[in-house]
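Undergrad: Sharing a structure here in structure tokens format.
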Amino acid sequence: MVCLKTLSVFLAAFAAADARAVFKTQGHKNSEMIPDNYIVVMKDGVSQDDFKAHISSVASIHSTNKAKRGTNTQGMKREFDIMNWRGYHGHFDRDTLEEILNDSKVDYVEQDQVVRISGLVTQRSAPSWGLGRVSHRQAGSRDYVFDDSAGRGVTIYGVDTGIDINHQDFRGRARWGTNTADRDNADRHGHGTHTASTFAGTAYGIAKNANIVAVKVLGSDGSGSTSGIIAGINYCVQDAQQRGILGKAAMNLSLGGGFSQANNDAVTRAQNAGIFVAVAAGNDNRDARNYSPASAPAVCTVASSTINDSKSSFSNWGPVVDIYAPGSDIIAARPGGGSTTMSGTSMASPHVAGMGAYMIGMGADPRQVCDRLKQLATAAIRNPGSSTTNRLLYNGSGQ
């Protein structure tokens, strides 16, 4: 009888421990954590009603704790629902966090962190070479050879610093989506306009006929938060679903931060929903496995190459890199008109996002596009990095 009681106590303790959510810690030493801000992810299968009940309960707990202890925490900030992957972002005191972790409906919690663009501005007069390179097996051509469908009927979401949707390079194909970064819908940085011009600009872009949606998740200094990125991804999936374009959409994320399971899960859900997702590998010349969303297995992770088919000195590398694309000295549009030159894996990723849209426009399934691009790619990159592919983006033009 004593043994049975002991066993019962042990099993009860084990069940309680098993019910507690995991608090995930990001492993990259350079991660910039945002104090008292957390991303909470619910377990698969939690219904909408149970999710709303949990949200209401947390709001009540936070309100009580705030009144009792006089904290300056702000409570619930954003909710996420990406194809039934549910969660939220909030600013909570430690006691409220403990209550959240003890809820059996919660899968895991991670601290929010700073996310930044993956681009570096360089001289403004450098020549454009990326388009010619991705349409020829051999380096050196300035001609861009492509199918004239050029992404027609496909929508690309630019998740970035915003986009100057009135720039002449977009010819009326760009529209505003949402802003999770600040209250200013303009692209004050220029990064988002440049990347959009690269994936779908009339003069500088790969998919010259694709539609463009501005999703602003980074501010004028090029930084944002993981929670803001997830909110932007959430918008993209819901917008594509409402417009009936899942399967005819792509997304570019020329940004990154330390490893984040929530960020990786969000982009994975978007990819699985029918949106081709291209992401920058990062600019620290390190293993991209330590970065998000670059480390998400489901997305197409892009490293940067030079005009000489070498790895760009800044580019991250590693086994999670799917493909290389031009990223050094890339000329494209700037806000207000005209063009400028930037370098970074931020410039490489939109080449792949645009090429994904190009392939989707010709009938490819977004879920299979990255594999198709890797099959087409040219084995051209010298010194690609340890355990890293040497495959360079190619559009299959036959040139």
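Glycine is treated like the rest: Cβ placed from N, Cα and C.
Keep in mind the model is a prediction, meaning the values are calculated, not measured.
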Undergrad: Going by Swiss-Prot alone, which of Asn290, Asn395 is annotated as N-linked glycosylation site?
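TA: Of the listed residues, Swiss-Prot records N-linked glycosylation site for Asn395.
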Undergrad: If you compare CA-to-CA distances from Asn395 (N-linked glycosylation site) to each of the active-site residues Asp160, His191, Ser346, which comes out shortest?
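TA: Given the candidates Asp160, His191, Ser346, the nearest one is Ser346.
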Undergrad: Which value does the mean pLDDT take for the domain 'Peptidase S8' (128-399) in this predicted structure?
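TA: 96, rounded to a whole number.
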Undergrad: By a simple count, how many Cβ atoms lie within 10 Å of the Cβ of Asn102 (N-linked glycosylation site), its own Cβ left out?
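TA: I count 12 other Cβ atoms within 10 Å of it.
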Undergrad: With every protein chain in view, how many other Cβ atoms are within 10 Å of the Cβ of Asp160 (active site, charge relay system)?
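TA: There are 31 of them.
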Undergrad: According to DSSP, which of helix, strand or coil covers Ser346 (active site, charge relay system)?
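TA: DSSP call for Ser346 (active site, charge relay system): helix.
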Undergrad: How many other Cβ atoms sit within 10 Å of the Cβ of Ser346 (active site, charge relay system)?
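TA: By my count, 33.
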Undergrad: Counting Cβ neighbours within 10 Å across all chains shown, tell me which of the glycosylation sites Asn252, Asn308, Asn395 comes out on top.
TA: Asn252
